[in-house]
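Here TrEMBL flags 36-85, 101-155, 166-223 as domain 'DC1'.
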């Protein structure tokens, strides 16, 4: 390599380093924001899928626009939030015709209340899917029914979807309501339990399903995949999650 070529290569390398430094400086200047769920300021970041990170709010896989704690300490290294989880309303009023029939305002909690002293971590049971959660939860604000909890993903499920395995739209129902539609009383027999037509697992009474009353076809929430309704695409995520708020 002659001197001219070597000089050109060095200049190119220095130029790339300067660009990277400027990009890092611009990222560091992004405004930090506060969220009620975390004691430190958060800064906006872009997360790649291959980083395999978990959202500390919904406890699901994280990619795309997000927020992370700006403190570089061991207790905060894993604190990330989806942008959508960051923007969740602190008070949620379900529609009057909602499948749950629940009319009290729902409050967004960053950590479920600890109800059992023997539990190492506070957790809740989602009334929609029946699964446990340890992250964000919408909890009834009324003292008369504070056992009513929803995963944040379950709280915003669409009323109607088009499932890949069925020709008709599926509507969001309580599993007990679907039995009533079929003329089966959910209280008449312990064997009167809805069975998912995809995985063949039984759905706990009063948990939610997507159901076609015309064909008596339905799925539990975990078997619902990416679907389309009203010309909008929804990614209906499985309930629950595998992460933890540290």
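Note that Cβ sites are derived from N, Cα and C of the backbone, with glycine treated the same way.
All annotation found in TrEMBL is predicted automatically rather than curated by experts.
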Integer mean pLDDT for the domain 'DC1' (101-155): 87
DSSP-derived helix, strand and coil totals, residue by residue, for the domain 'DC1' (101-155): 7 helix, 15 strand, 33 coil
Within the domain 'DC1' (36-85), residues counted as helix, strand or coil by DSSP: 6 helix, 19 strand, 25 coil
